[in-house]
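Peer 1: Quick one: this structure, given as structure tokens, is what I'll be asking you about.
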Amino acid sequence: MEVAANCSLRVKRPLLDPRFEGYKLSLEPLPCYQLELDAAVAEVKLRDDQYTLEHMHAFGMYNYLHCDSWYQDSVYYIDTLGRIMNLTVMLDTALGKPREVFRLPTDLTACDNRLCASIHFSSSTWVTLSDGTGRLYVIGTGERGNSASEKWEIMFNEELGDPFIIIHSISLLNAEEHSIATLLLRIEKEELDMKGSGFYVSLEWVTISKKNQDNKKYEIIKRDILRGKSVPHYAAIEPDGNGLMIVSYKSLTFVQAGQDLEENMDEDISEKIKEPLYYWQQTEDDLTVTIRLPEDSTKEDIQIQFLPDHINIVLKDHQFLEGKLYSSIDHESSTWIIKESNSLEISLIKKNEGLTWPELVIGDKQGELIRDSAQCAAIAERLMHLTSEELNPNPDKEKPPCNAQELEECDIFFEESSSLCRFDGNTLKTTHVVNLGSNQYLFSVIVDPKEMPCFCLRHDVDALLWQPHSSKQDDMWEHIATFNALGYVQASKRDKKFFACAPNYSYAALCECLRRVFIYRQPAPMSTVLYNRKEGRQVGQVAKQQVASLETNDPILGFQATNERLFVLTTKNLFLIKVNTEN
């Protein structure tokens, strides 16, 4: 069995600035333009049954504004009329109204459990689109932005099950066929999950293809599914379609894929076996066994036989648990009851009071013993002489090396540790793994549309931008830019909603849920002489911070950055902030 290579991200030292002195607040005005929308943005709020943190990450914080990275300063959104609206900026002072480029053929409001409609630009002439009801569209657009050749035409249209959003897609063209590969994200209910949230994350990799020599329609040729317990921070298909890269807090694994299906089913079965069949706890006098019952169970479905050193439990004519008990019980005083939480509670009275049972039924490993805090403390006290001869062998342990009260919230490391994984598209096995440790994921950005999206991670106080290169097996992730101290600065923005940067790295920006936008520029040469009095030296460069406050009380729904402009979307308006004047 092949083991995935354990890799690390190599930081380029020349891109770091250890002498960075921070951002200087600039009061220079930022030109801001406002466009009123003909129809409101098709926002879909979370339902009552979408209550988990993963629902919030995937759908509650969804970016409703989409940037076409193949064409400069071109953004799209979907309104309540089912129209895909486009705004392409040529001149800030002569802004036109957003124009309709396509209209969804289905009524968005007809589906009760729909998600937000999503769109992804696979290439300069292809688009993937989801209406939020579970239907996937592949659309040929012609050359977007060219009125003579642009025409949005549905080339593939199929229902793919439960509603999903599109995470990423690519277009693959060779002499024999044209393919579109796309990633679809769902959060689905898991009935067997008793202890977790009751949901799991599903990431489906779908490939749609058409042979060039045939006149056949586009059809699905491959569907693979990954499952996990957390929404991926980042997921993208490699440009050649041979692999997949994912950044996530909890790992995702393939569960349905041709030759590996049987193997994965065996893994799933073994996982289910590991789940405790019952839970039990004990005191000095008795034992309590708790069993989760199937739905609609009644007293008539339960048969329990107590013997002095034996127990037999039958549920709905099926043997549930049978065997010799670890020690004797008072079988005449033992009882059972059905609780309101649809669970069966069995009370066993010990014959030998004070005896601690290490197991309930001899040789049975299907149950889990739950210890209370008093028992744990008593056991620890009895074992103390085995671990230390002194009550306090390390008296300095209580004296931390620094005063925790002096630490700011953004100094504290995150408990969660994400990982970056690369999956092979043919074997569906993990080939490379990077443990990101405390390198917090911040955002992703498309620098070159022909390459995979970049992702930005916090490294100490800085924010480092990484470009994946699937063709370089030994050095898959390149450090291409650094935003000085931005990892530290963003941590203090507790109301931040979206994070972005310019494709040319000239600035990074984040917005809060309401109104305010913060812009952090890269250090630039000074036009005047400035001295650092403490060090008695001339300062050559200064990094500026600017703040824009939008004239609206509506929450921000979308946020995109280009080299020259920031686009901010609310329910009724689209704002343009001119950040850079240089072309």
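Every residue gets a Cβ built from N, Cα and C, even glycine.
Pulled these features from Swiss-Prot for this protein:
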type    : residues : note
MOD_RES : SER8     : phosphoserine
DOMAIN  : 273-361  : domain 'CS'
MOD_RES : SER388   : phosphoserine
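Quick one: where do these features end up spatially?
Peer 2: Applying an 8 A CB threshold to same-chain residues 6+ apart, the list for SER8 (phosphoserine) reads VAL434.
Over the domain 'CS' (273-361) the predicted model carries a mean pLDDT of 85.
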Peer 1: As a quick check of your reading of DSSP, tell me how many residues in the domain 'CS' (273-361) are helical, how many are strand and how many are coil.
Peer 2: 5 helix, 46 strand, 38 coil
